[in-house]
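Taken verbatim from TrEMBL:
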- 295-315: compositional bias 'Basic and acidic residues' (COMPBIAS)
- 334-364: compositional bias 'Basic and acidic residues' (COMPBIAS)
- 88-248: domain 'DAC' (DOMAIN)
- 261-386: region 'Disordered' (REGION)
- 12-34: transmembrane segment (TRANSMEM)
- 46-64: transmembrane segment (TRANSMEM)
Amino acid sequence: MSGLFLNWSLDSFGSVIRSLADIFIVWLILYYVLRLARSNSRTTQIFKGILLVIIVDALSNLLGLKTVKYFADMFINWGFLALIIIFQPELRSMLEKLGKTNVFSRISSLSGNEKEHLVDQIVTAVMLLSKDKTGALISIERSQSLDDYVATGTKLNSDVTAEILTSIFVTTTPLHDGAVIIQGDKIACASAYFPPTNLDLPGRYGARHRAAVGISEITDAVTVVVSEETGNVSVTEGGRMMSVNERQLRDYLLRTICGQSTPVDASESGNDETETGSGNDQEEPSSRRFPFFHAESEQEKEEEKMEELHDEAARIKLPQNHKHDRPIPSYPQQDRKIPSFTEAEKQMAEIEEKKAHEHARIEPESVSGLKRSEEDDDGKGDEPHA
Ligand SMILES: Nc1ncnc2c1ncn2[C@@H]1O[C@H](COP(=O)(O)OP(=O)(O)OP(=O)(O)O)[C@@H](O)[C@H]1O
């Protein structure tokens, strides 16, 4: 009797699990279909059209309109094929993303302390680069592989330290153009090229910010951009860009990389630092959970940490005037043209290319930026930054 009962309960447990899995899969498909439908106005219109045909089909069935029903049915039957053709690019990128997604990503294999160390090194480097108004683009790989983009740069495979990160972006070095990619606890490469976004960004954002948004549209990487013009720091993820101050940057990276649930009050792109140096009023969850003296001690701890990172950043000395002594950008010479979005940028890229050709004519073997920076020491190569 008890064996029968056990069998029955195991059977019903199995069928409950099966039903839950069934519902979950259908929910997942619906979720992605609706997300796709909402992603742009074209897909929204197409889905509205499909809904209309389904309504016509149901109505014609109800009213017995045979010819209308025949055509509506035909449309629905063949519509599936038409949808695959129409959404081919979206489906391809969705499958590509799925294929590149790795549950056991490099970053997930790091321990909590290693992740926090990684975040602190990045934040320290960004603090210094931002203060020095040295442009930078740093992408951190998450579950979707960035190997394809690492291949466009110069491989490094070095430890992630604030010193190395800042050195890379010093403008008199050959690797400063392009992006640094971090995979796990290593700097995989520098000087990588990212496909820029086609979105209409505000005019103040140039090629570097476009590249940062671009990579965030096609992968789940988190990218930090430091503006050379203003020193402002932005983060891009999932096709969105946010301006952050140093504290918000640390919170954001801790949350996305270490999974720590510290909310960030980072406003949408264009909103500059609003809280620099002040206590973070948004860090309520932990203090609400432990209302005794936890909030204070947590805030104090964070303040201490930020001070530590400030001291660390202050210890690193960047060469003075490196932005005035910068060589011809190595970027266009490596056949990775900076996409030009305005006429001025286009002209700049053409001038740079022309100069690169002239340079190659004088000394064909000296294409490396290192050689060029040596020449700059003689005062020959002063170039304004594009
Ligand atoms: N597609 C790209 N992938 C990687 N890096 C890029 C790309 N396009 C531009 N960059 C980097 O950005 C630099 C040019 O930045 P630009 O001044 O046009 O951008 P910006 O968004 O206005 O940033 P900033 O505020 O720093 O001037 C290039 O020298 C190069 O290092």
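Just so you know, glycine gets a Cβ as well, placed from its N, Cα and C.
Predicted automatically and left uncurated, TrEMBL annotations should be read as such.
Using a Cβ-Cβ cut-off under 8 Å and counting only residues 6 or more beyond its ends in the same chain, the transmembrane segment (46-64) has close neighbours at 37, 72-73, 75-76, 79, 83, 86. Per DSSP, the compositional bias 'Basic and acidic residues' (295-315) is made up of 21 helix, 0 strand, 0 coil. The average pLDDT computed over the domain 'DAC' (88-248) stands at 91.
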